[in-house]
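> Encoded as C-alpha coordinates, here's the structure I'll be asking about.
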Ligand code: DC
(Lines of atoms letter the chains of each structure in order from A and count residues from 1; the text may use other names and numbers.)
(Lines give C-alpha, C1' and ligand atoms only; values in the text may rest on other atoms or scores of the structure.)
Protein backbone atom coordinates (compact mmCIF):
# COMPACT_ATOMS: atom_id res chain seq x y z
CA UNK A 1 0.00 0.00 0.00
CA UNK A 2 1.34 3.47 -0.88
CA UNK A 3 2.62 5.94 1.70
CA UNK A 4 0.26 8.75 2.65
CA UNK A 5 0.36 12.27 1.13
CA UNK A 6 2.49 15.24 2.23
CA UNK A 7 0.35 16.19 5.25
CA UNK A 8 -1.45 12.89 5.97
CA UNK A 9 -4.40 11.05 4.47
CA UNK A 10 -7.56 12.40 2.89
CA UNK A 11 -10.69 11.46 4.81
CA UNK A 12 -14.01 11.68 2.96
CA UNK A 13 -17.22 11.88 4.98
CA UNK A 14 -20.39 11.74 2.91
CA UNK A 15 -24.02 11.30 3.82
CA UNK A 16 -27.41 13.01 3.90
CA UNK A 17 -28.13 16.19 5.90
CA UNK A 18 -28.52 15.73 9.63
CA UNK A 19 -26.52 12.49 9.82
CA UNK A 20 -23.97 14.19 12.11
CA UNK A 21 -21.28 14.93 9.52
CA UNK A 22 -20.50 18.47 10.70
CA UNK A 23 -20.10 17.70 14.40
CA UNK A 24 -18.12 14.54 13.70
CA UNK A 25 -15.87 16.13 11.10
CA UNK A 26 -15.02 18.92 13.53
CA UNK A 27 -14.26 16.52 16.40
CA UNK A 28 -12.31 14.07 14.26
CA UNK A 29 -10.24 16.89 12.77
CA UNK A 30 -9.37 18.10 16.25
CA UNK A 31 -8.31 14.62 17.39
CA UNK A 32 -6.13 14.05 14.35
CA UNK A 33 -4.82 17.62 14.05
CA UNK A 34 -6.32 17.76 10.55
CA UNK A 35 -7.96 20.62 8.63
CA UNK A 36 -11.67 20.23 8.06
CA UNK A 37 -13.47 21.39 4.95
CA UNK A 38 -17.24 21.77 4.99
CA UNK A 39 -18.05 21.54 1.28
CA UNK A 40 -21.77 22.10 1.98
CA UNK A 41 -20.85 25.56 3.28
CA UNK A 42 -19.20 26.29 -0.07
CA UNK A 43 -22.39 25.37 -1.97
CA UNK A 44 -24.39 27.41 0.55
CA UNK A 45 -22.16 30.44 -0.07
CA UNK A 46 -22.81 30.15 -3.82
CA UNK A 47 -26.56 29.88 -3.15
CA UNK A 48 -26.57 32.96 -0.93
CA UNK A 49 -24.59 35.04 -3.42
CA UNK A 50 -26.85 33.89 -6.29
CA UNK A 51 -29.91 34.95 -4.33
CA UNK A 52 -28.43 38.36 -3.62
CA UNK A 53 -27.49 38.78 -7.28
CA UNK A 54 -30.97 37.72 -8.42
CA UNK A 55 -29.66 34.76 -10.43
CA UNK A 56 -32.29 32.04 -10.95
CA UNK A 57 -31.38 28.55 -9.72
CA UNK A 58 -31.55 27.16 -13.28
CA UNK A 59 -29.58 29.98 -14.94
CA UNK A 60 -26.39 28.02 -15.69
CA UNK A 61 -24.65 30.90 -17.49
CA UNK A 62 -25.39 33.28 -14.60
CA UNK A 63 -24.23 30.73 -12.03
CA UNK A 64 -21.01 30.04 -13.96
CA UNK A 65 -20.27 33.77 -14.10
CA UNK A 66 -20.99 34.12 -10.39
CA UNK A 67 -18.63 31.24 -9.52
CA UNK A 68 -15.85 32.72 -11.64
CA UNK A 69 -15.87 35.87 -9.55
CA UNK A 70 -16.35 34.18 -6.20
CA UNK A 71 -13.61 33.45 -3.70
CA UNK A 72 -14.60 31.18 -0.83
CA UNK A 73 -12.28 30.87 2.13
CA UNK A 74 -12.40 29.30 5.57
CA UNK A 75 -10.86 31.04 8.56
CA UNK A 76 -10.32 29.58 11.97
CA UNK A 77 -12.16 31.35 14.83
CA UNK A 78 -11.27 29.51 18.05
CA UNK A 79 -13.12 26.20 17.93
CA UNK A 80 -15.16 27.28 14.94
CA UNK A 81 -14.52 27.90 11.33
CA UNK A 82 -15.93 30.95 9.55
CA UNK A 83 -16.90 30.99 5.90
CA UNK A 84 -15.98 34.03 3.86
CA UNK A 85 -17.44 34.84 0.45
CA UNK A 86 -15.28 37.43 -1.28
CA UNK A 87 -14.01 38.43 2.15
CA UNK A 88 -17.45 38.81 3.77
CA UNK A 89 -18.30 36.57 6.73
CA UNK A 90 -21.47 34.73 5.66
CA UNK A 91 -21.25 31.93 8.26
CA UNK A 92 -24.58 32.66 9.88
CA UNK A 93 -26.56 33.76 6.85
CA UNK A 94 -25.86 30.54 4.92
CA UNK A 95 -27.44 28.39 7.66
CA UNK A 96 -31.09 29.43 7.21
CA UNK A 97 -33.64 26.87 5.99
CA UNK A 98 -34.33 29.03 2.96
CA UNK A 99 -30.69 29.00 1.87
CA UNK A 100 -30.53 25.25 2.65
CA UNK A 101 -33.30 24.49 0.16
CA UNK A 102 -31.93 26.88 -2.45
CA UNK A 103 -28.51 25.25 -2.01
CA UNK A 104 -29.97 21.85 -2.74
CA UNK A 105 -31.30 23.24 -6.05
CA UNK A 106 -28.19 25.13 -7.17
CA UNK A 107 -25.85 22.30 -6.10
CA UNK A 108 -27.52 20.17 -8.80
CA UNK A 109 -26.24 22.54 -11.53
CA UNK A 110 -23.21 21.40 -13.49
CA UNK A 111 -21.30 24.73 -13.65
CA UNK A 112 -21.56 25.12 -9.88
CA UNK A 113 -20.30 21.56 -9.27
CA UNK A 114 -17.44 22.02 -11.74
CA UNK A 115 -16.29 25.28 -10.16
CA UNK A 116 -16.40 23.95 -6.61
CA UNK A 117 -14.76 20.66 -7.60
CA UNK A 118 -11.65 22.56 -8.67
CA UNK A 119 -11.59 24.56 -5.42
CA UNK A 120 -12.13 21.45 -3.25
CA UNK A 121 -9.41 19.44 -4.97
CA UNK A 122 -6.96 22.32 -4.53
CA UNK A 123 -7.84 22.62 -0.84
CA UNK A 124 -7.42 18.90 -0.11
CA UNK A 125 -4.64 17.65 -2.38
CA UNK A 126 -1.85 17.63 0.20
CA UNK A 127 -3.81 15.44 2.60
CA UNK A 128 -4.14 15.98 6.34
CA UNK A 129 -7.74 16.97 5.63
CA UNK A 130 -11.26 15.76 6.27
CA UNK A 131 -13.81 16.81 3.69
CA UNK A 132 -17.49 16.44 4.42
CA UNK A 133 -20.14 16.52 1.73
CA UNK A 134 -22.21 14.37 -0.59
CA UNK A 135 -19.79 13.36 -3.34
CA UNK A 136 -16.35 13.52 -1.75
CA UNK A 137 -15.66 9.77 -1.88
CA UNK A 138 -17.32 9.28 -5.27
CA UNK A 139 -16.31 12.37 -7.32
CA UNK A 140 -14.04 14.88 -5.55
CA UNK A 141 -11.51 12.43 -4.11
CA UNK A 142 -12.37 8.92 -5.34
CA UNK A 143 -8.81 8.04 -4.27
CA UNK A 144 -9.28 9.27 -0.66
CA UNK A 145 -7.50 6.88 1.69
CA UNK A 146 -10.40 6.70 4.16
CA UNK A 147 -14.10 7.04 3.30
CA UNK A 148 -17.15 7.02 5.53
CA UNK A 149 -20.80 7.11 4.58
CA UNK A 150 -22.73 8.41 7.55
CA UNK A 151 -26.50 8.00 7.70
CA UNK A 152 -29.41 7.97 10.17
CA UNK A 153 -33.17 7.62 9.77
CA UNK A 154 -34.98 10.67 8.33
CA UNK A 155 -36.99 11.02 11.58
CA UNK A 156 -33.84 11.11 13.70
CA UNK A 157 -32.11 13.55 11.35
CA UNK A 158 -35.18 15.79 11.35
CA UNK A 159 -35.30 15.66 15.14
CA UNK A 160 -31.64 16.69 15.41
CA UNK A 161 -32.12 19.56 12.96
CA UNK A 162 -35.25 20.71 14.82
CA UNK A 163 -33.32 20.87 18.13
CA UNK A 164 -30.57 22.84 16.40
CA UNK A 165 -33.08 25.35 14.99
CA UNK A 166 -34.88 25.66 18.33
CA UNK A 167 -31.57 26.33 20.11
CA UNK A 168 -30.94 29.18 17.67
CA UNK A 169 -34.41 30.58 18.31
CA UNK A 170 -35.63 29.81 14.76
CA UNK A 171 -39.34 29.05 14.32
CA UNK A 172 -40.13 25.55 13.01
CA UNK A 173 -42.18 22.50 13.93
CA UNK A 174 -40.75 18.99 14.19
CA UNK A 175 -43.07 17.73 11.46
CA UNK A 176 -42.08 20.49 9.03
CA UNK A 177 -38.41 19.92 9.73
CA UNK A 178 -38.65 16.17 9.04
CA UNK A 179 -40.55 16.90 5.80
CA UNK A 180 -37.77 19.27 4.68
CA UNK A 181 -35.11 16.66 5.44
CA UNK A 182 -36.97 14.15 3.26
CA UNK A 183 -37.41 16.73 0.49
CA UNK A 184 -33.69 17.58 0.56
CA UNK A 185 -32.72 13.87 0.45
CA UNK A 186 -34.87 13.40 -2.61
CA UNK A 187 -33.27 16.37 -4.38
CA UNK A 188 -29.72 15.33 -3.44
CA UNK A 189 -30.17 11.67 -4.40
CA UNK A 190 -32.18 12.27 -7.56
CA UNK A 191 -29.99 14.84 -9.31
CA UNK A 192 -28.09 14.06 -12.50
CA UNK A 193 -24.67 15.45 -11.50
CA UNK A 194 -22.81 13.89 -8.56
CA UNK A 195 -25.89 12.55 -6.73
CA UNK A 196 -25.62 11.56 -3.10
CA UNK A 197 -24.60 7.93 -3.00
CA UNK A 198 -22.30 5.72 -1.04
CA UNK A 199 -18.88 4.98 -2.57
CA UNK A 200 -18.32 1.24 -2.95
CA UNK A 201 -15.24 1.36 -0.74
CA UNK A 202 -16.78 3.60 1.98
CA UNK A 203 -17.38 2.34 5.48
CA UNK A 204 -21.12 2.77 6.16
CA UNK A 205 -22.10 4.01 9.63
CA UNK A 206 -25.74 4.32 10.74
CA UNK A 207 -25.74 6.82 13.61
CA UNK A 208 -29.48 6.56 14.42
CA UNK A 209 -28.91 4.93 17.80
CA UNK A 210 -25.22 5.66 18.34
CA UNK A 211 -23.75 8.49 20.42
CA UNK A 212 -21.35 10.97 18.82
CA UNK A 213 -18.56 9.46 20.93
CA UNK A 214 -19.26 5.96 19.65
CA UNK A 215 -19.18 7.06 16.02
CA UNK A 216 -16.08 9.19 16.62
CA UNK A 217 -14.20 6.21 18.06
CA UNK A 218 -15.04 4.03 15.03
CA UNK A 219 -13.85 6.78 12.69
CA UNK A 220 -10.68 7.62 14.57
CA UNK A 221 -9.67 3.95 14.74
CA UNK A 222 -10.22 3.50 11.01
CA UNK A 223 -8.07 6.55 10.17
CA UNK A 224 -5.28 5.59 12.56
CA UNK A 225 -5.24 2.07 11.17
CA UNK A 226 -4.86 3.47 7.66
CA UNK A 227 -2.06 5.79 8.79
CA UNK A 228 -0.13 2.85 10.23
CA UNK A 229 -0.55 0.96 6.94
CA UNK A 230 0.58 4.07 5.03
CA UNK A 231 3.72 4.45 7.10
CA UNK A 232 4.68 0.91 6.14
CA UNK A 233 3.87 1.55 2.46
O1 LIG B 1 -24.27 19.65 4.20
P2 LIG B 1 -25.21 20.83 3.96
O3 LIG B 1 -26.58 20.65 4.53
O4 LIG B 1 -24.59 22.12 4.40
O5 LIG B 1 -25.37 20.90 2.36
C6 LIG B 1 -26.20 21.83 1.74
C7 LIG B 1 -26.60 21.34 0.36
O8 LIG B 1 -25.45 21.29 -0.48
C9 LIG B 1 -27.23 19.95 0.32
O10 LIG B 1 -28.56 20.03 -0.14
C11 LIG B 1 -26.43 19.16 -0.67
C12 LIG B 1 -25.42 20.11 -1.24
N13 LIG B 1 -24.07 19.56 -1.22
C14 LIG B 1 -23.65 18.89 -2.35
O15 LIG B 1 -24.41 18.75 -3.29
N16 LIG B 1 -22.39 18.39 -2.41
C17 LIG B 1 -21.55 18.52 -1.37
N18 LIG B 1 -20.32 18.02 -1.47
C19 LIG B 1 -21.98 19.18 -0.20
C20 LIG B 1 -23.26 19.67 -0.14
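Each Cβ is built from the backbone N, Cα and C atoms, and glycine gets one as well.
Annotations per TrEMBL:
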{"type": "DOMAIN", "residues": "11-222", "note": "domain 'Cytidylate kinase'"}
{"type": "BINDING", "residues": "15, 16, 17, 18, 19, 20, 21, 22, 23", "note": "ATP binding site"}
> Taking the Cβ of residue 19 (ATP binding site) as centre, how many other Cβ atoms lie within 10 Å?
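Residue 19 (ATP binding site): 26 neighbouring Cβ atoms within 10 Å.
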> Ligand 1: which of the binding-site residues 15, 17, 19, 23 have a Cβ closer than 6 angstroms to it?
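From 15, 17, 19, 23, counting a Cβ under 6 Å from ligand 1 as near, the near ones are 17.
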> With every protein chain in view, what's the tally of Cβ atoms within 10 Å of the Cβ of residue 23 (ATP binding site), excluding that atom itself?
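Within a 10 Å radius of the Cβ of residue 23 (ATP binding site) lie 14 other Cβ atoms.
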> Around the ATP site formed by 15, 16, 17, 18, 19, 20, 21, 22, 23, list the extra residues of the same chain whose Cβ is within 8 Å of the site's Cβ centroid.
24, 132, 150, 152, 157
> Return the count of C-beta atoms lying within 10 angstroms of the C-beta of residue 21 (ATP binding site), excluding that atom itself.
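So the number of other Cβ atoms within 10 Å of residue 21 (ATP binding site) is 24.
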> Determine the Cβ neighbour count for residue 17 (ATP binding site): the number of other Cβ atoms within 10 Å of its Cβ.
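I count 22 other Cβ atoms within 10 Å of it.
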> When DSSP is mapped onto helix/strand/coil, what comes out for residue 15 (ATP binding site)?
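Note: residue 15 (ATP binding site) is coil by DSSP, not helix or strand.
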> For residue 15 (ATP binding site), what is the tally of other C-beta atoms lying within 10 angstroms of its C-beta?
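Total other Cβ atoms inside 10 Å, all chains included: 25.
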